[in-house]
Amino acid sequence: MEVAMVSAESSGCNSHMPYGYAAQARARERERLAHSRAAAAAAVAAATAAVEGSGGSGGGSHHHHQSRGACTSHDPQSSRGSRRRRRQRSEKKKAHYRQSSFPHCSDLMPSGSEEKILRELSEEEEDEEEEEEEEEEGRFYYSEDDHGDECSYTDLLPQDEGGGGYSSVRYSDCCERVVINVSGLRFETQMKTLAQFPETLLGDPEKRTQYFDPLRNEYFFDRNRPSFDAILYYYQSGGRLKRPVNVPFDIFTEEVKFYQLGEEALLKFREDEGFVREEEDRALPENEFKKQIWLLFEYPESSSPARGIAIVSVLVILISIVIFCLETLPEFRDDRDLVMALSAGGHGGLLNDTSAPHLENSGHTIFNDPFFIVETVCIVWFSFEFVVRCFACPSQALFFKNIMNIIDIVSILPYFITLGTDLAQQQGGGNGQQQQAMSFAILRIIRLVRVFRIFKLSRHSKGLQILGHTLRASMRELGLLIFFLFIGVILFSSAVYFAEADEPTTHFQSIPDAFWWAVVTMTTVGYGDMKPITVGGKIVGSLCAIAGVLTIALPVPVIVSNFNYFYHRETENEEQTQLTQNAVSCPYLPSNLLKKFRSSTSSSLGDKSEYLEMEEGVKESLCAKEEKCQGKGDDSETDKNNCSNAKAVETDV
C-alpha cells in the first residue's frame, strides 16, 4: 500500500484526493446547495409577508422600505454576478478532478470513474442553472405608477388584457389582428387597417359586433367570397375600389352596399367602370302648393290626376306630330303653300293668275287654315304646361339646364316666330318678290324644327329614357366610332378614286364624290348607286367593306353593355316600387311603418334594411292577427278570411 502511494506521488498523481474523498466532497456540495435554497425560500417568504403587511397604517412605511431593500438585493446585476461566480467554481471543480485522476493508480481508483465524476458534475451544473433561472423568474420587479416606485413579488410577468406584457396596451391598439370569415374563407388583417374608414361596416366596432362569433373569436359574414378580396383591398390601399374580373357588376355593387363603403366610393367605382354619374334625387319645392303642382306635372305615378295629365300630354304630342306629317301630303301641300305665299304679302311670281283671285275671294287665310288651328291648340297646351312647370320647379337654374325643357322651348318657338312673321308682313305689305321668297324659305326651315316635339315623348317613356342614358354614357365609344369611320372614309375614298382614275365611265369623279360610297360601304348598306368598275376599284371596295365591319363591331359591345345596365337598373327600381306600393296597401302593416312609407317621396326603396324592417313589422302583425283568430271562436267571416289569407299576404310583401 505504501509502495503504491509512493509510486503515485513519484508519477505526478495528486494522492491527497482518493475516490472516497471525492464522493464526500460531492455530498458536502449538495448539502451546501440545499441549505442555500432553504435560506432563499425563507427570504422570499419574509419579503412576501412584508409586502402584504405594507397596507397597514402603522408599519406600512417600515415594511415598504424592507421590501425595497429585499428587492435591491436581488437586482439583475447581482444575480448575474452570482451566476458567474458559481460557473467559475464549477470550472475549478472540473479542473481539480481532471488533475486528481489516477491513470497509474489502478488500485485506488476504478477504471472509468473519472468520466463518471465529470458527467455528474455537468448534470449538477445544469440543474443549478435551471433552478437559478426559475428563481430569477420569481424575483422582484419594479412597476412605476402615479404613486411612485412599488415592489411586489410574483411568479409570473405582469399581464394585461391584451396579453402583450409591459407594453402590450399600446402594441394591441396599433397591431392587434382580427380574423374575418367570409363563407368559410378566412381573412386576417389589423385593426388599424379597418379603422381608416370608421363609417363603414368593418371599420365601426359597433356595426360589426353583430357578426362576431365568440366561440371562434372571428367575424363571420355569409356573403360572396370573391368580392371580399376587393373589399379588403379597399381598406389596405386607402380607398381604391376595383371589381374582380370573375364577379359580375350587380353582385359586386350589392357587396359594396352591404359593407357600407359609402356613396362616394360607389359613384367613383361606377365612373371607373365606364358609367356616368347618376343624377341626384330631384328635390321637391318647399311650398306646399308648388309641391302639389310639381308632382302633378312632373311625376305621373304620384297620383291619378297626374296620370291623367300625362295621358293628355301624350295625346297632344301625337296629334302635333300627325299634323306635321299630314300637311306635307300633295293634296294639302299645294293649298297650304299658296296660303303661305299669300300671307307673305303679294303673289307676284309665287301664285298663278287663276289660283290667286280664287283664294282672295274665298277669304282663305293662314288664320282659318285647319292645320293652323290644330297647331294653335297644341301650342297652347305646350305653352301652358311649360309655364306651369317653370312656375312650380324647385330651382329655375336647374330647370333651364335640363335637356328636356330645352326641347320644349325649341318645339314651341317656331310657331310664335311664324306667327310674328305673318303678322308683320300683313301689316307692312309686300316689299318685293325676292324678300317674299326668302321669308317663305325661312319659315319652312323654322317649321322643320317642330320635328323635335317627338322627343317630348321621352318624358313619358321609360324606354326612351333608357336609350338617352345609354347614349350619354356611351359618348366616348360613339366618338371613337365616328373617328374610325372618318379615317376609313378618307382612306378608301382616296384609294378608290385613284384606282378608278383611268376609267372613263367611272362614278368617282373626285374624292369628295367618293365619300358617299365609302360611308355606305363601311356601314354595310350598299345602295348600289355608285360602284367600282375596275379590278383595283373592286379590291378597294372589298377592303372597305371588311374594315367597316371591324370598325363598327369594336365599340358596339360597350354600348350594349351600358344599355343592359340601365335597363336592369330600371327594372329593379320598378320591382322595388311595386313592393313598396304593396306594402303601403297592406292592411296588416303597423301604423308607424305605414306612415313612414307613405311619407317617403322616393318611388323605390333606397336600402334593403328598410324593406326588411317593413317585412318584420308585417310578420308581427300577422302573428297577432292569427292569435286573435285562434283566441276567438265567434269572429266574423271577414276576420276568418283575413286570418286564412295571412300567409298569402306575407308572401306578397
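Every residue, even glycine, has its Cβ placed from backbone N, Cα and C.
Both GLN396 and GLY463 carry the same topological domain label in Swiss-Prot, so the record keeps them on one side of the membrane. Looking at the stretches 188-195, 332-339, 524-531, 580-587, the one that Swiss-Prot records under the feature intramembrane segment is 524-531. Taking Swiss-Prot as the reference, the stretch among 32-43, 512-523 described by the feature intramembrane segment is residues 512-523. Looking up ASN181, ASN352 in Swiss-Prot for N-linked glycosylation site, the annotated residue turns out to be ASN352.
Ranges compared are 210-223, 224-237, 294-307, 462-475, and Swiss-Prot records region 'S4-S5 linker' for 462-475. Applying DSSP to the topological domain 'Cytoplasmic' (461-475) sorts its residues as follows: 13 helix, 0 strand, 2 coil. Tertiary neighbourhood of the topological domain 'Cytoplasmic' (393-403): same-chain residues 282-286, 294, selected by CB-CB distance under 8 Å and a gap of 6+ residues from either end.
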